[in-house]
Each structure stands twice: as C-alpha cells, then as structure tokens.
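Taken from TrEMBL as is:
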DOMAIN    498-641  domain 'STAS'
TRANSMEM  42-61  transmembrane segment
TRANSMEM  73-90  transmembrane segment
TRANSMEM  146-165  transmembrane segment
TRANSMEM  171-195  transmembrane segment
TRANSMEM  263-280  transmembrane segment
TRANSMEM  316-335  transmembrane segment
TRANSMEM  347-368  transmembrane segment
TRANSMEM  388-421  transmembrane segment
TRANSMEM  442-470  transmembrane segment
Amino acid sequence: KDLILKKAREVCICSHQTIITFFYQLFPVLDWLPRYNVKTQLLGDVISGILVGIVAIPQSISYSLLANQDPIYGIYTNFFCNIIYVAMATSRHNSVGSFGVLCLMIGQSVNRHLQLAGYSDDSAGSLPVGNSTFSSNRTGTCDRSCYAITVALSLSFLVGLYQILLGALQLGFVAVYLSEPLLSGFVTGSCLTIITSQMKYLLGLKIPRHEGVGSFILTWVDLFRFIQNTNICDLITSLVALAIIVPVKEINDRYKERMKAPFPVELLVVIVATVISHYFNFQGRYKSAVCGDIPTGFRKPTLPDINLFSSLAVDALPIAVIGFAMTVSLAEIFGKKHGYTVRANQEMIAIGMCNLIPSFFYCFASSAALTKTLLKESTGTQTQVSGLITSLVLLLVLLWIAPLFYSLQTSILGVVTIVNLRGGLRKFRDTPRMWQLSKLDTVVWWTTMLSSTLISTEIGLLVGVCFALLCIIFRTQRPRATLLGKVGNTEIYEDQSTYKQLSSIANIKIFRFESSLYYANKDYFKTVLYQKTGVNPILLAAKRQRVEAQANADTGNSKSFFSTKSDCLKQAKKRPEKPPADACPPSVDMHTLILDCGAMQFIDTVGLSVLKDTHHDYKEIGVQLLLANCNPSIRHRLREG
C-alpha cells in the first residue's frame, strides 16, 4: 500500500514544469518549430510538400474507390490528417494519408454493412455520385453514399480510439509481435486482393463486390464469367495508361539519385485522360464509368453513429493494429537513417488523433503511406512543415479543382491504384534469398500471404500472427542440442558435430541444451539427452533389475547372485570375450554427465522437476549429474527448488 501511494504521488504531482513538459511531449511541434531554420530548411520542405501533394491528388481519388467512398472523402482524409500529424508526430519524414491496405479493409467493412442495411450494390461496381451525399442531409434521408461514409467515419473514430488507448497505456511494444516477414506477407497478400478488386474497373465490368472468406477466388470466377461484357473503351484506356505509367515509374526508380524530383506521371495521365474523356464523351458514347460530380468546399462536422459501434468494434481492431504498425515501423526506419529518436507511443497517439479528429469531418482511417514517405524523404524534406505544404496543395483541389475531374474514368483510377502496388508484388523476388537465410521466416511469409489472399485480410492477419508465435514456440520446443568437446589444451568447449579435432574427456560427457527448459520441451530434452549420450538411465536400470532378478532366480540365493555379478564384472574388465546380454548387467561408458546451462534463460517448475528426475535416474546407474554456466536466476530457482 505504501509503495503504491508513493508511486501515485510521484506520477500525480502537478506543477508548472510538469504541465509544460506534458504539452511538449504531447505536441512535439512546440519543441522543434521555435528552432525552425527558414534559410536552410524551408526550401526542402516546400519542394517536398508540393511533390507529395501532387502525387496525393490521384491517389486520394483512387483509394476512395478502393474504400467504397466518394472521391471527395479521400481528399478530405489526406488534407486533415497531414495537419494533425504535423503537430503531434516525432517523425520528421513520415507522410500520412490514405493507405491501400487500410482502404481495402475499410471498403470490405463498408460493403458488408451496406449489404446488411439493404442497400444495392450501386449498379454493381460504379462509383457513387458525389453530390448525392451532400443533398441527402438536406432532405433528411441517407442514400447509399451517405450511409457508406457514415460507416467509414464511425470506423475511423473507433480505430483512432484504439490507437490512442494503446499509446496512452504505453503498449507500443505490441508492434513487436508483427514481425517483418509477417507484415511483408500480409501487405503482399493484400496487394493481390486489391489488384483483384480493381480488375473490374480496368475491364469496365459490373460485377458484385464479394466479401469474406474466398472473396479472391469468387471475384476471379465472376471476372471470367462476365468477360464477354468487357467495355472496350475502358480496356483500351487502361492498357494505354499502364503502358505509360509503368515505364515512367521504373525510370523514376532507377534514376532517382540523379533526378532532383520524380516525374509526376500519374497526375499527368489523370489530367490528359480527363480531358480526352470529356471532349470525346466516353461516358455517353461508350458507357464508360466516370467519377461524376465532385463537390467543392467543406461539410459541417458530424458525429459518428454510436449505433454502429458494436458491429464495427471487431473490424476496427485489425485496422488499428496495421495502421500503427506501419506508422511506427516507417518512423523508426527513417529516424535511424537520419539520426534522430522516435517515440513509438507518441507516434501511436499521433496516428490515433489523425483518425479520431478527422472522423468528425467525413474522413476514413489513415496511416503512414510507404510510397509517399519514400518520395518525401528522397526529395529533401527536413521537418513536418512539408506536411502543411501538402495540405495546402490539397486545399486548392478542395476549393477549386475537384469538379474538373467529373469525366475521369474509374478505369484510370484502378490503374493508378494497381501501379502503386508494385512494391508489394516485388516481395516475391525476395523469397529465394529469404529461404536461404531462414526457412521458418519464409514459411511465415507464405502462410500470411496465402491466408490474406485466399481467406480474407482480417483472418489472414490473425493466422499470420498465430503461426509466427507457433514458430517461436516450435523453435524453443525443439532447440539445438549437442555434445561438447575440448579445443586442444584450452578451456574452450565447442560442438563436436560442427568443429573437427576436438578432444573428448574420458568417461565424461558434456551436453548443451540451447534453450530454456520449460513444460513445452521437457520431453524433447530427455529424448535428445538420451540420444546424444547414448545412455538411457531408465532402460538401463530396468535391464539391470531384470538381469539381477534372472540371476537371483537361477542361483536361488543372494550369495551365488553376488558371486555371479562379481565374475561378470571381472569378465567385463578383462574382456576376453563379449558376455551374452542376458548374463550380465549392461555397463556405462561414463561416470559424469555435465549439463551446460549457458543457453538457458529460465527454468519453470516443470523443468526443475525434469532436472530432479534426470539427476535421480542417472544416480541410480552410478553416473553423477553436474550443472555448469547457470545464470543467477537459474541458481536461485535451483536453490528454492
């Protein structure tokens, strides 16, 4: 009680300095902005912010399509979250906004709730009309588009709430359970699912959007079933856009060190495609799907729908985990590269605020985006002031430019989405190298990727985490175990199966178990110990008892039994010939067994019992058991036990 009260007083002390420190930690901008050097930092931030803003325009619109939302809401999301992240982030290089994997998961949740609410599939795949949402509130009704953003902003509120709670409770360590192979496999599997979902836009097909288990396979079945209904105009437009964007993006990647800034080919293709579609009337002539009306300005803030929280609570959890995992990992990567520290818990609070506050302004969930972060870092950003410049670029779109994208074909948006997934698909080329380094990590990657693709994204993430944890358990359950030999005249002992010319000590065997001893590997410990030493004390003791019983039955008295045993021992010592197995008790070629406990971090109660049993069993056959290299915690456990 006294200790708890003492700690509580230390934490709850409120003073002027404590309040200042609290706000400086919660809003890092208060620390670095007064020290901002306009002469040396502003130019790089402005250039980087403008370039990221240019790239964010087509991505905002295309990722809205992926999240099953109107284009305007993608621009809202990227605009608001950049402003909030500037004030609360400790990373100088992260660029936040709509992220493909999160948009896929948001779109799946939104579509599921639309079906539960009885809304149609909106002509089986076309984009909702933007101004219908704006007019819906005036009439007091909520159409399909209105309900879709209501679900998305309620989901974003819960995602932000989860992330803020994790950061406030100092639970940033949760991200360590999402290993790099697991995240990589999940992103690659999600990329395949995203590409599948965008194929109907590239072909101009109107097919339903499948959700849940097996949606990947069902979507491809529908694509081939309705392939004869392909819109030729959309197909040709998609192929031309791919033929232009992909080579230019490859050139940007190959010569990024020589180029001051990458060529904004996506924005150029979007502008040209919009102009051509407008003047040749692709919508009227060829029935091509277009974005439609995109309103300008901002909407009045709204509250999330509390009635949806119970059904969205589970959907929000994996989105929150993936969002903060991507944000924290990217922040730590670039922080280490450029020599500054990043606070993981503060990053979680920052990205949580980027989801919580914008949910009142018709935004969906966001996180740090890999492609924009790489672009931001490569174009010379110095601080998060570049995020403000990006928001200013998007503000121009929101106020004046957005309606000009009325004739933009959805097939172009699908192409932009697919092209930005090239990084995830390139992970397939890394798997042979990964297999050489670690076969278990490769299996984790393939398991997560296949389950995310063939089952569903949420279940795939859960399967990946569980399988990765099982791999860790498997590694400790069946660890490496070896017999040690002495190196020459030194006191160094190494593995006899790995090193040559090691000398063994007569009648002494040294056994190393390269893991902690606990309940999951107790049986394996005994098995491999008996196998390596060649002595199973339980079987050996049983054989001796049988031999003694047989000898006792033959002689009928203890005197003749002892004489027989003595004669047998003399024969074994002189070894003129090998005695029959059933005539003499089996002999042991060692008198001491040493367990090297240097690799053992801990021993639980079951492991302690195993050591007791092993000591007793070997003592029964005349072999003493010694322990070496025990750390203090193990020695304490041995004394207590």
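Using the three backbone atoms N, Cα and C, a Cβ is placed for every residue, glycine included.
Automated prediction, rather than curation, is the source of TrEMBL annotations.
Contact check: the transmembrane segment (347-368) against the transmembrane segment (316-335) gives at least three Cβ pairs closer than 8 Å, residues 6 or more apart, which meets the contact criterion. Long-range Cβ contacts of the transmembrane segment (73-90) within its own chain (Cβ-Cβ under 8 Å, at least 6 residues beyond either end) map to 26-29, 56-57, 59-64, 67, 96-98, 149, 152, 298, 331, 335, 341-343, 346-347, 349-351, 353-355, 357-358, 361-364, 366, 384-385, 387-388, 390-391, 394-395, 397-398, 402. Below 8 A, the CB atoms of the transmembrane segment (316-335) and the transmembrane segment (171-195) form 3+ pairs separated by six or more positions in the chain. Counting C-beta pairs under 8 angstroms (sequence separation of 6 or more), the transmembrane segment (42-61) fails to reach the transmembrane segment (442-470), with fewer than 3 such pairs. For the transmembrane segment (263-280), the residues of the chain that approach it from at least six positions outside its boundaries are 51, 54-55, 57-59, 61, 237, 241, 244-245, 248-249, 251-252, 288, 290, 404-409, 412, 415-416, 419, judged by C-beta separation under 8 angstroms.
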